[in-house]
Protein chains: 4
Amino acid sequence: MSGNSFGKLFTVTSFGESHGPAIGCIVDGCPPGLALTEADIQIDLDRRKPGQSRHTTQRREADEVQILSGVFEGKTTGTTIALIIHNTDQRSKDYGDIMDRFRPGHADYTYYKKYGFRDYRGGGRSSARETAMRVAAGSIAKKWLFERYGVVIRGYLSQLGPIVAETLDWDEIANNPFFCPDASKVQPMEDYMDALRKEGNSVGAKITTVASHVPPGWGEPIFDRLDADIAHAMMSINAAKGVEIGAGFDCVAQKGTEHRDEITMQGFLSNHAGGILGGISSGQEVIVHTAFKPTSSMRLPGRTVNLDGEAVEVITKGRHDPCVGIRATPICEAMLAITLMDHALRHRAQNADVTTDLPDIPASP
Amino acid sequence: MSGNSFGKLFTVTSFGESHGPAIGCIVDGCPPGLALTEADIQIDLDRRKPGQSRHTTQRREADEVQILSGVFEGKTTGTTIALIIHNTDQRSKDYGDIMDRFRPGHADYTYYKKYGFRDYRGGGRSSARETAMRVAAGSIAKKWLFERYGVVIRGYLSQLGPIVAETLDWDEIANNPFFCPDASKVQPMEDYMDALRKEGNSVGAKITTVASHVPPGWGEPIFDRLDADIAHAMMSINAAKGVEIGAGFDCVAQKGTEHRDEITMQGFLSNHAGGILGGISSGQEVIVHTAFKPTSSMRLPGRTVNLDGEAVEVITKGRHDPCVGIRATPICEAMLAITLMDHALRHRAQNADVTTDLPDIPASP
Amino acid sequence: MSGNSFGKLFTVTSFGESHGPAIGCIVDGCPPGLALTEADIQIDLDRRKPGQSRHTTQRREADEVQILSGVFEGKTTGTTIALIIHNTDQRSKDYGDIMDRFRPGHADYTYYKKYGFRDYRGGGRSSARETAMRVAAGSIAKKWLFERYGVVIRGYLSQLGPIVAETLDWDEIANNPFFCPDASKVQPMEDYMDALRKEGNSVGAKITTVASHVPPGWGEPIFDRLDADIAHAMMSINAAKGVEIGAGFDCVAQKGTEHRDEITMQGFLSNHAGGILGGISSGQEVIVHTAFKPTSSMRLPGRTVNLDGEAVEVITKGRHDPCVGIRATPICEAMLAITLMDHALRHRAQNADVTTDLPDIPASP
Amino acid sequence: MSGNSFGKLFTVTSFGESHGPAIGCIVDGCPPGLALTEADIQIDLDRRKPGQSRHTTQRREADEVQILSGVFEGKTTGTTIALIIHNTDQRSKDYGDIMDRFRPGHADYTYYKKYGFRDYRGGGRSSARETAMRVAAGSIAKKWLFERYGVVIRGYLSQLGPIVAETLDWDEIANNPFFCPDASKVQPMEDYMDALRKEGNSVGAKITTVASHVPPGWGEPIFDRLDADIAHAMMSINAAKGVEIGAGFDCVAQKGTEHRDEITMQGFLSNHAGGILGGISSGQEVIVHTAFKPTSSMRLPGRTVNLDGEAVEVITKGRHDPCVGIRATPICEAMLAITLMDHALRHRAQNADVTTDLPDIPASP
């Protein structure tokens, strides 16, 4: 458990490097009896897959997942589910130029200091390629949460660099390569990304993830609050630099009368809390915003040092996402799903017998 | 480990309710040989203690900590350190009026749904009173980190409602009741809080926490990244709604050339990363911002329901912080300290033998 | 979690030294709604308490437990339950003679090597005094298991030195100071212990613990098997040197036809398995044997070295149990209860929805 | 972490069924810089491999391991090491006869009750085939422990059914198919097994595992004692029913003067403790005995019930080990290695700075 596992009862442990033979994960804790095929998992993998538009890395990976265990006659058995994706389009030679120099803003310096050596091939373990397995594992959690509790988990890109999505049309998201929910912003994003690519630069993005129909009462007190675990989950994604629940940093300037979500038996009157109070779900939509930084790999030269401590310039050629946030939507959904499923199981363990007289308060009307 | 423990190798497990006889915690994993007295811990507890100015709750708690185990002849023994604080100023009767009705924005509804009953006395386990033990445990981590590695952990209030601290004077922080580092903003904060209290309202705040002299190489890959664990730690504090590392949400609109921190052997040229790259410390200052929402307990009436599902109004009298963020600075410092100490120990376990030829890059000049 | 916690979902974390001000523990994971008072816990504590016959240590401890949190209006709240017992009869000066020399067979040498110093007062953290908190925590698990599932957990001393209990009369156990289920062996045990005490020597013992009415299906595959966790639990008790499930080491010379427990719908025809197959409960009685070594503290001199590496003799005066196994019965029951409750909760988390057409096979007729 | 992971800092998580496409594991926590190839791992796998003599199952598995990640340019990287073995000789049809009936003494009934369905193919996840991955993971731990600390881990079969090995010749062990250290008992074992196979029966065995040159000070207090974790590790192996440390159950009848290992600066004068005192290594040899029951799968008919609750007879044809203990030696070595490596890392985390004036006491002279 040295950092490569997530979840206490629904646990994902991953392996693999960007340029090794395969990446994979073991999912432990999925209850038995869930209908599951590779096709179920492939749907989300294909949404994250690189090379689907000119705005993401041109590395071509089929990302075909294989289930190695834990499923028998089309259903989960309750034992560990192993998933594997073979890497097919590695090009280590792309990295020859930078193998002795550190990329500013990249993990290569800190990995070197931690581990004492350099896996210069595309980031090795620190590569965002690892997130494919999060998506694969998350798709199992998504399916179970929906089938068992009706929970629906969806996400979208709410901001790309300076361009903010201003309307939320869930049906629009699959129509454009950005997961943008605002059709009017798709062309501006296309233009922005084309200019950015020409410039050789990169840019940040914000992803919003929403879980609907989460029952009230999921979460834990004190340290393993649902929001704390979600923050852990989201901040663990490559390039994430900020996480907000509900109103997030807008809370700072809010007064209590504005922030609190008043309650009626017909529903909460607002949802500034983002569906979580005291670390426990309220039954409202769980709303999470995650900030992604601009990729450090870019064609514009930067000042750095090499392994000998000499001042040098670095340019990253290779094949990179100029905006990692674009492909982050399915990853955020996956991490939210994994976190919620973990808490669903924790809730069953401890609170299976709890009943209350008061009906659940509906989500915001 | 049902939610009341934090840390993998330096583990804090807490207990206690706002209106029970005592609160306390067990700290497991502190190496032997650290000089430690109750006075060392009391310093930080006194900084968090309520009733120190008119701007915080008027509940009077001495918050005198007692060490029950794990220290022998003035030094830690390596075994569990138990800390206890006896509650002395409970007034459960303050809560008589609200015992059957839910406070909008408060954990009482979600606790009721999770646990099936109501501890109406001041929030019970969900009360911010629990954070005293975080501060106590954190002070041990702070001391060990400083004595063993020279790490210094400090925090300040960077925004209170609409008022933003614009200068950072570390020496000013202890001079005012807000932990504000900008002397010019203290009077405006006093005035704002006085008006707020008169109005019976509450307000949010932002706390910034900084760890200096963290060696490069602390952290884990993938899920237990240092930034992910910090996000977990901070979001687990009562009323926290957002966490940022370094540039945080500002990254969204940044380009890569702006965001990346260029490297020279004289030091990094900037610190947008907030001291963490790929989940691992870079040797720069670790910088964390945390957003706190306005307290839900306030004198202005709000719409809600009672245990019978009837529409009612709720007013919280009792004794409450109109801005919980004011006392949050030592709590944020404590959680950052606990997280860093946990990773320091993890680093020793796995990377004790690692050496590199390249000297550490200094922090920003 | 550096060694002082046990259980994954029902977690006990303990603190305290033999000669410090108090010992205690935090119990995390107890579901809400269990009726619980200090008297419920005191029953088992009194069974373990020292000084109840001339055959155990003459240290006088009331061992009065206090509940500090987690219980409200007589019921568990679902949050952490803190238990504390104040030490009242420490006599550190008893240890003056041995403070610089190691006792053969005692933890003082290994603690010194691990922690780098000596807490010479009665063993410090390694003292069996710590087991009082296991008993306290275990009594909560026992009560919950019985009320929720009808599980009954009982134990007895099955061998004391050379004297083997040959009949099992559950009603006899409380009638003698040894927890011996065979009335005909009580007087021989009295005589043996009197002679042993006069001699100044110590002796080993074997404890058998039985859980009845455990439903089938509790346990986990592979590493966290129910029997593996029980072995962990039992071997973690001071002075334990061996653990057996069911037939235990007798299996070595058994043939398959003898060992396997044949199955009929009226019940299993034998119980060599000790109620666990493949790490999962079968519905038969869970039967566990634990071997306890003779205490290292005794009046007969032994060869050893002191802190300066000089050859010296050591004699332990103080007040010690000449047979720690005598008081081990309630401790073994407690550890079995804690382990089973942990697995009961794990089962609820993952297998709450499982049903089968086949009725449960009854235990052996 | 639902049961398929072992180890806190050196963590092994396994997957795979007897008759699925592959089995494998992820090893997390191996420090960087250990030279490691597939050949290093294959050595131990070949020792455990089935089909090497007429006394073990005739299933033919090459058990060729592949390293999928965590090793770069011949050295471990510090990130997760994934190991995989493809199954090549499944014959599910062997199980057609028993797919609807439970084998007495087998996990199939308890798995059915826990998971609600039957994977009748060779035991599915409960098959001893899973232990191949323990051996693979253990070989990494063995290598690291030896190269970093000089720890040597070896095992042998100390009893097969009624035949007890009476001499310990480490060089003999590899010369016979039983891992028997007593050359004079090899022919009797051959004869016994031939008769047993002809009879269609199975038998138990005892394995002894020894770790030499373990430094003093490894282990934890209270619950995660080194011996408790070893007991957990050993009892988690398929068919294990008992675990002893050092004198084990012989302690029960020992007096203190006999049991305690007296100390001189030239060495301990005996090793009844099995190298562990108070849960912490003493520097003596760590000695562990594990009892394995006779396999439940055998050709002699037994009474049982089928899925419809009807009384039926069961005979297991397939290909099975008549004595699972024979191949258990490398598995026990692996589990001991994994446990010791976990504690070595824990020791580094917490006790890296500890020094003492007293030299280490040597092991028994």
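Each residue's number is its place along the chain shown, starting with 1.
Positions of Cβ are set from backbone N, Cα and C atoms, glycine also.
As recorded in TrEMBL, the features of this protein are as follows:
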{"type": "BINDING", "residues": "D:R48, D:R54", "note": "NADP(+) binding site"}
{"type": "BINDING", "residues": "D:R125, D:S126, D:S127, D:N238, D:A239, D:G278, D:K293, D:P294, D:T295, D:S296, D:S297, D:R319", "note": "FMN binding site"}
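Sequence features annotated in TrEMBL and their locations in the structure.
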| residue | record | DSSP class |
| --- | --- | --- |
| D:R48 | NADP(+) binding site | helix |
| D:R54 | NADP(+) binding site | coil |
| D:R125 | FMN binding site | helix |
| D:A239 | FMN binding site | coil |
| D:K293 | FMN binding site | coil |
Chain C neighbours, restricted to the binding-site residues D:R48, D:R54, D:S127, by C-beta under 8 angstroms: none
Sparsest Cβ surroundings (other CB atoms within 10 Å) among the binding-site residues D:R54, D:R125, D:S127, D:A239, D:T295: D:R54
Neighbour tally for D:S297 (FMN binding site), based on other Cβ positions within 10 Å of its Cβ: 25
Sparsest Cβ surroundings (other CB atoms within 10 Å) among the binding-site residues D:R48, D:K293: D:R48
D:R125, D:A239, D:S297: the binding-site residues whose Cβ falls under 8 Å from a chain A Cβ: D:R125
Length of the line joining the Cα atoms of D:A239 (FMN binding site) and D:R54 (NADP(+) binding site), in Å: 21
Rounded Cα-Cα span from D:K293 (FMN binding site) to D:R48 (NADP(+) binding site), Å: 18
Pairwise Cα distance for D:K293 (FMN binding site)/D:R54 (NADP(+) binding site) [Å, integer]: 20
Cα-Cα distance linking D:T295 (FMN binding site) and D:R54 (NADP(+) binding site), given in Å to the nearest integer: 16
